[in-house]
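Here is what TrEMBL says about this protein:
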type	residues	note
DOMAIN	66-416	domain 'Amidohydrolase-related'
BINDING	75, 77, 225, 313	Zn(2+) binding site
BINDING	104, 198, 228, 313	substrate binding site
Ligand SMILES: CSC[C@H]1O[C@@H](n2cnc3c(O)ncnc32)[C@H](O)[C@@H]1O
Ligand SMILES: [Zn+2]
């Protein structure tokens, strides 16, 4: 053991009874720690290795805790938390066109976005999500909330052919999206701006081509809903005699970085088309089951070499932003669909929410793995509960047992956003008051909308 003066000073040392690194080279370390300096991970090792080489004034103990990379929610609509539980048990297009679009038209404004996004960020910090990909209105307001609460996000600007909150139509939303990317590129290292043409049934082929072109020019990611349900495939087949993914290929979008939400109905040739491209299929198991969209062929996508991320979708079709539910479902539903329990093992489910999820979001080399050189985005998950005992396999326990209440610490970029279960960067009481105020206004309208449908 070296003397204190021989040790390298760092900003923080975080311990864990187990380190689930998601790094093939290190795997799971029993009794380990991570040293952090200037927001980056500088070393990952056993307790003895780290405390022997590093010293810090800020040490977070790890007894009874798993230390692992923060979770990546690769597709959500943050401010839709304020529409949670408003319209349930409806098929996708009815839900969207008869309930969600009309309510968005009436209620979505910058204040709604600020409060709804803050509620979402609170929920994500509290449940161990450290990065997310967002697609919603007033992205500059969402970016302000993310800047303040400390999370990492890819924030994509909405583009849609018809009038929507803040826009008269396509030209408006397209120009505002491009401006958002230009304004936010390089502004905050935790925020990556991108473009979000909503879906192939709400954005014309010509407009999708315009988005592809400008995204490539700007080197910005695109997020889009694609191949979500069978009715979308019928619509696009009727219009263009091709699949939605063939349409993306046709307009040049597969030469850009595409974060494709859902991908429930890709054909075998669609999978070949996107494999090897900068294309990620984002699996939203809860949302897809809730809207009756179907089950994405995730094992087949992975086998074809497609990058797959995991996500909640918005809280209006989930109805929460708890990634542990999605990890759980990803590990279970495909076994049921295939009647084969070896399909999508626990370690793969965890990978989709961390290492591969980060790649899917375009954040490979930034987050998703506990590895020297990456940003210090990590969480501690308590294994103190009797629910966690006996513990024979820590990855199995995380995938099949852990839930949001077990997350005790959330750290992003070396900053502690939650400690001992208390979110530090959001004023909970003020947020609650604003959520109650806005939801009181919406409540009467929810009943009217339900009655009208
Ligand atoms: C252009 S902003 C995002 C837009 O998408 C809507 N939305 C939310 N969830 C889904 C989904 O699963 N499929 C399609 N569209 C969805 C949201 O309400 C906004 O209008
Ligand atoms: Zn969505």
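The backbone N, Cα and C atoms fix where each Cβ goes, glycine too.
What you are looking at is a predicted structure, and each value in this text was computed from that prediction instead of being measured.
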Lowest local Cβ density (other Cβ within 10 Å) among binding-site residues: 75, 77, 198, 225: 198
Cα proximity to residue 104 (substrate binding site), best match among binding-site residues 75, 77, 225, 313: 77
Neighbourhood of ligand 1 - binding-site residues from 75, 77, 198, 313 with Cβ under 6 Å: 77, 198, 313
Surrounding CB atoms that lie within 10 Å of the CB of residue 228 (substrate binding site), all protein chains: 29
Most crowded position, judged by CB atoms within 10 A, among 104, 313 as binding-site residues: 313
Filtered binding-site residues, from 104, 198, 228, whose Cβ is under 6 Å from an atom of ligand 2: none
Maximum Cα-Cα separation in Å among residues 104, 198, 228, 313, which the record lists as binding substrate: 21
Between residue 313 (Zn(2+) binding site) and residue 198 (substrate binding site): CA-CA distance (Å): 13
For the domain 'Amidohydrolase-related' (66-416), the mean pLDDT of the predicted model: 98
Separation of alpha carbons, residue 228 (substrate binding site) and residue 75 (Zn(2+) binding site) (Å): 13
